[in-house]
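Copied over from Swiss-Prot:
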{"type": "REGION", "residues": "2-71", "note": "region 'Head'"}
{"type": "MOD_RES", "residues": "Ser11", "note": "phosphoserine"}
{"type": "MOD_RES", "residues": "Ser31", "note": "phosphoserine"}
{"type": "MOD_RES", "residues": "Ser32", "note": "phosphoserine"}
{"type": "MOD_RES", "residues": "Ser35", "note": "phosphoserine"}
{"type": "MOD_RES", "residues": "Tyr37", "note": "phosphotyrosine"}
{"type": "MOD_RES", "residues": "Ser50", "note": "phosphoserine"}
{"type": "MOD_RES", "residues": "Ser60", "note": "phosphoserine"}
{"type": "DOMAIN", "residues": "72-384", "note": "domain 'IF rod'"}
{"type": "REGION", "residues": "72-107", "note": "region 'Coil 1A'"}
{"type": "CROSSLNK", "residues": "Lys73", "note": "SUMO2 cross-link"}
{"type": "MOD_RES", "residues": "Ser137", "note": "phosphoserine"}
{"type": "MOD_RES", "residues": "Ser170", "note": "phosphoserine"}
{"type": "REGION", "residues": "236-384", "note": "region 'Interaction with DNAJB6'"}
{"type": "CROSSLNK", "residues": "Lys240", "note": "SUMO2 cross-link"}
{"type": "REGION", "residues": "242-380", "note": "region 'Coil 2'"}
{"type": "MOD_RES", "residues": "Thr295", "note": "phosphothreonine"}
{"type": "MOD_RES", "residues": "Ser316", "note": "phosphoserine"}
{"type": "CROSSLNK", "residues": "Lys363", "note": "SUMO2 cross-link"}
{"type": "CROSSLNK", "residues": "Lys365", "note": "SUMO2 cross-link"}
{"type": "MOD_RES", "residues": "Thr397", "note": "phosphothreonine"}
Amino acid sequence: MSFTTRSTTFSTNYRSLGSVRTPSQRVRPASSAASVYAGAGGSGSRISVSRSVWGGSVGSAGLAGMGGIQTEKETMQDLNDRLASYLDKVKSLETENRRLESKIREHLEKKGPQGVRDWGHYFKIIEDLRAQIFANSVDNARIVLQIDNARLAADDFRVKYETELAMRQSVESDIHGLRKVVDDTNITRLQLETEIEALKEELLFMKKNHEEEVQGLEAQIASSGLTVEVDAPKSQDLSKIMADIRAQYEALAQKNREELDKYWSQQIEESTTVVTTKSAEIRDAETTLTELRRTLQTLEIDLDSMKNQNINLENSLGDVEARYKAQMEQLNGVLLHLESELAQTRAEGQRQAQEYEALLNIKVKLEAEIATYRRLLEDGEDFSLNDALDSSNSMQTVQKTTTRKIVDGRVVSETNDTRVLRH
């Protein structure tokens, strides 16, 4: 049996590539300020652009940045196109003015001799109008640019407004709580004032009763004709006492009011400080949240692309597996068919070999008998019957050698070698 082995060699040529320079890219914020200035006559146009640039490598989080750069470029291109159109319009108006001036001169030359009328003041008016037209064109371009800048500033202020609105709502909630405390303080103050009024009325009533009792006693003394001298201390001035009490209560109320004002002013200052601190922390947290959201969006986009790539690879793998499975089934069918044919061929070969061996034995026997008969006929009387019997009883061995060459499970060639051995 001989076997052939097929080997396939794949060679890959690598060619060195030249160094490729990749231009550096920067991510710029969407906010920018631009100004346009055009000189007289449409010449010397100058465009100045100021942007706040934040350096950053272009990576997975650079999609929003690239969109902002594209928007800026489109905006500046639009402004430049508008400015160019205005300048072209100014130039066309100047050309039209020169054409009209030439027509006026030709008309004057045809109608009458030169120098009849002085058109200098008209030329001055024309120059003034031309200057006004150019100034208006420049003003229009400047206004358009200011409108665009105002739109960008409005967007910035909108963001600031939303931030300040959140801060204002927080402060309003704090103020609402403080107003409740102030209302409670006012209620307490009203209660104290009511008590003061009640005490005043009670004091007046007691003073009136005291005066009536004094008058009654004086009348009794006068009617009895007695003179009674009482060594008593001088009566106190009730109005002065009331004034002192009122002053004390007012001083106490003023002191309480000042203490409350001071306390709530301090509380408001502390609340304002806390609100300012919390606002800064909130802004930092919002910035961090924005960056995290941008990173999350970038990662989600990468994940979606990876999922799509994985799905495509799985589909390709399924197609390849199905194709190779079909090929393997086909090859297995061919192999089974070849194995069955090989088994049939081997069985047929064995059967033919057995038949050939039987026929060969018969042939050998016949040849031996023919040789014996030939010797009997040729030798005649010299060949005895015993010799013929010995010749016929002699033992013969037939040696058969079969050589087959099989390549890839298929019989390519077959060689048979037969030898007869006598004993």
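Glycine is treated like the rest: Cβ placed from N, Cα and C.
Feature annotations (Swiss-Prot) mapped to structure.
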residue	record	DSSP (3 states)
Lys73	SUMO2 cross-link	helix
Ser137	phosphoserine	helix
Ser170	phosphoserine	helix
Lys240	SUMO2 cross-link	helix
Thr295	phosphothreonine	helix
Ser316	phosphoserine	helix
Lys363	SUMO2 cross-link	helix
Local Cβ density at Ser316 (phosphoserine) - other Cβ atoms counted within 10 Å: 10
Fewest other Cβ within 10 angstroms of its own Cβ, chosen from the modified residues Ser137, Ser170, Thr295: Thr295
When distances run from the Cα of Lys363 (SUMO2 cross-link) to each of the recorded positions Ser137, Lys240, Thr295, Ser316, the nearest one: Ser316
Cα distance (Å, whole number) from Ser170 (phosphoserine) to Lys240 (SUMO2 cross-link): 51
Distant-in-sequence Cβ neighbours of Lys73 (SUMO2 cross-link), under 8 Å, six or more positions away: none
Residue pair Lys365 (SUMO2 cross-link), Ser137 (phosphoserine) - Cα distance, angstrom, rounded: 132
Rounded Cα-Cα span from Thr295 (phosphothreonine) to Ser170 (phosphoserine), Å: 30
Within the predicted model, mean pLDDT of the region 'Interaction with DNAJB6' (236-384): 80
Rounded Cα separation (Å) that holds between Ser316 (phosphoserine) and Thr295 (phosphothreonine): 31
Number of other Cβ atoms within 10 Å of the Cβ of Lys365 (SUMO2 cross-link) across all protein chains: 12
Cβ neighbours of Lys363 (SUMO2 cross-link) where a neighbour is any other Cβ within 10 Å: 13
Alpha-carbon spacing, Thr295 (phosphothreonine) to Ser137 (phosphoserine), which is rounded to whole Å: 46
